[in-house]
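Some notes on the structure that comes next.
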Amino acid sequence: MGETGLRKRREDEKSIQSQEPKTTSLQKELGLISGISIIVGTIIGSGIFISPKSVLSNTEAVGPCLIIWAACGVLSTLGALCYAELGTMITKSGGEYPYLMEAYGPIPAYLFSWASLIVMKPSSFAIICLSFSEYVCSPFYPGCKPPEIVVKCLAAAAILFITTVNSLSVRLGSYVQNIFTAAKLVIVAIIIISGLVLLAQGNTKNFENSFEGAQLSVGAISLAFYNGLWAYDGWNQLNYITEELQNPYRNLPLAIVIGIPLVMACYILMNVSYFTVMTTTELLQSPAVAVTFGDRVLYPASWVVPLFVAFSTIGAANGTCFTAGRLIYVAGREGHMLKVLSYISVKRLTPAPAIIFYGVIATIYIIPGDINSLVNYFSFASWLFYGMTFLGLIVMRFKKKDLERPIKPITMHLQMLMEVVPPEEEPE
């Protein structure tokens, strides 16, 4: 009698459990290699093929230009290490959104989510897709600028392709990211190796008196940093997908420590290669620095440069879309956006509504915008919230003392070095 009653109770419990609503959540499908690919693939987009002119036009000399590129890399690494502490302390997707929520409360997080949805993320996506479109169209219109309608239609098609891929599958999106990251590293390696070979052959004329005529005013250096940091933007992208990262306590900081110094080395060596082939005047007059480099060094195979630059930009756009969709999803989950944006495809386990909505907003930005205006639109808003997030890390040192900080000693010493916070006692 007792066994029969016990059996019946167990069957009732199973029946109750089966009737409970099942929740769908993001899956941990991204390993260390995918994490590094997202960082490298998102940072190395169109910036290194556009920004060399912008940095050089403000410094007006080779020496300060190379120093600015190195300094921007160091600053990006320090910022990413601060984000690594935040990401291992608060293991939620959404980038700055959950950090601002924990540090300041719902209002700044709410403002960030809407600023990201309406301004920062779509404008960044549009910038990269427009750059991709211009590089793809330029070989078909030699000697003249491609028609604006053709450029914008191709950019819209790129947005449609990327949003479709990322809505279909997390794994497919990560595979596409890995492939395009490998492709962009090929063109980076081609430019670096070609330049270093020419440098070894004695083409060092452009590096003589490299500080002569340099513009070292505060305004010029600030503008040079502004453009250099834009080329490094993307160093925080892995924090947007923390919930899908396998073993984030290990893989998040490791991907940052490997990925960003790799990008910094590539950027400095690519600039050295450019200056090996072009004078400062020639570089400033070039409509597309990488294409001019290819025409002078790789002819008759110079066609590979715009092709691989297109791969590079489309890979950066894919990484941006992959991570931005998670921010919109998390904000919707917290009730700061439309509830439908927090839905996950039961079959494909992707935040498809958030990604599709993001793609629609980015397409709208393409219609009236051009690259330069979008860069200015994007950068100011982004760095405002980056600064708030860095300050939030210090705020949480006092407000959230009980939270576990697996990599606190790293960022603590870096912040002490930068005099962001007063020295603290060494942890036991």
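Please read every residue number as a count from 1 along the shown chain.
Backbone N, Cα and C define each Cβ position, glycine as well.
As annotated by TrEMBL, region 'Disordered' applies to 1-22.
What TrEMBL lists as compositional bias 'Basic and acidic residues' is 1-15.
The feature transmembrane segment is assigned by TrEMBL to 30-49 (among others). When Cβ-Cβ distances below 8 Å are used as the criterion, the transmembrane segment (30-49) is approached by residues 127-128, 131-132, 135, 170, 174, 177-178, 180-181, 184-185, 188, 230-235, 237-238, 241, 244-246, 250-252, 254-256, 258-260, 262-263, 266-267, 270, 288-290, 309, 312-313, 315-320, 322-323 of the same chain, each at least six residues removed from its ends.
Annotation comment: TrEMBL describes 61-86 (among others) as transmembrane segment. Panel annotation: around the transmembrane segment (61-86), residues 52, 55, 99, 206-207, 210-216, 221, 224-225, 228-229, 231-232, 235-236, 239, 252-253, 256-257, 260-261, 263-264, 267-268, 271-272, 275, 280, 386, 389-390, 392-393, 405, 407-408, 410-411, 414-415, 418 of the same chain, lying at least six beyond its termini, place a Cβ under 8 Å from a Cβ of the stretch.
Taken from TrEMBL, the feature transmembrane segment covers 107-133 (among others).
The transmembrane segment feature in TrEMBL is assigned to 149-170 (among others).
What TrEMBL records for 182-201 (among others) is transmembrane segment.
Using a Cβ-Cβ cut-off under 8 Å and counting only residues 6 or more beyond its ends in the same chain, the transmembrane segment (213-232) has close neighbours at 43, 47-48, 50-51, 54-55, 58-61, 63-65, 68-69, 71-73, 75-76, 260, 263-264, 267, 375, 379, 383. Look at TrEMBL and you will find 213-232 (among others) tagged as transmembrane segment.
Annotated transmembrane segment per TrEMBL: 252-270 (among others), in sequence order. Counting residues 6+ beyond its ends, the transmembrane segment (252-270) has Cβ neighbours under 8 Å at 32, 35-36, 38-40, 43-44, 48, 52, 66, 69-70, 73-74, 76-77, 80-81, 83-84, 87-88, 188, 191-192, 195-196, 231-232, 235, 238-239, 242, 245, 407, 410 in the same chain.
Taken from TrEMBL, the feature transmembrane segment applies to 303-329 (among others).
Per TrEMBL, the feature transmembrane segment maps to 349-368 (among others). Tertiary neighbourhood of the transmembrane segment (349-368): same-chain residues 24, 26-27, 117-118, 121-123, 125-126, 129-130, 152, 155-156, 159-160, 162-163, 166-170, 173, 321, 324-326, 328-329, 332, 340-343, 374, selected by CB-CB distance under 8 Å and a gap of 6+ residues from either end.
Feature annotation from TrEMBL assigns transmembrane segment to 374-395 (among others).
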Looking only at residues six or more beyond either end of the transmembrane segment (107-133), which have a C-beta under 8 A from one in the stretch? 45-46, 49-50, 96-98, 100-101, 150-152, 154-156, 158-159, 162, 233, 310, 313-314, 316-317, 320-321, 324, 327-328, 331, 334, 336-337, 357-359, 361-366, 369-371, 374-375, 377-378, 381-382, 385, 388
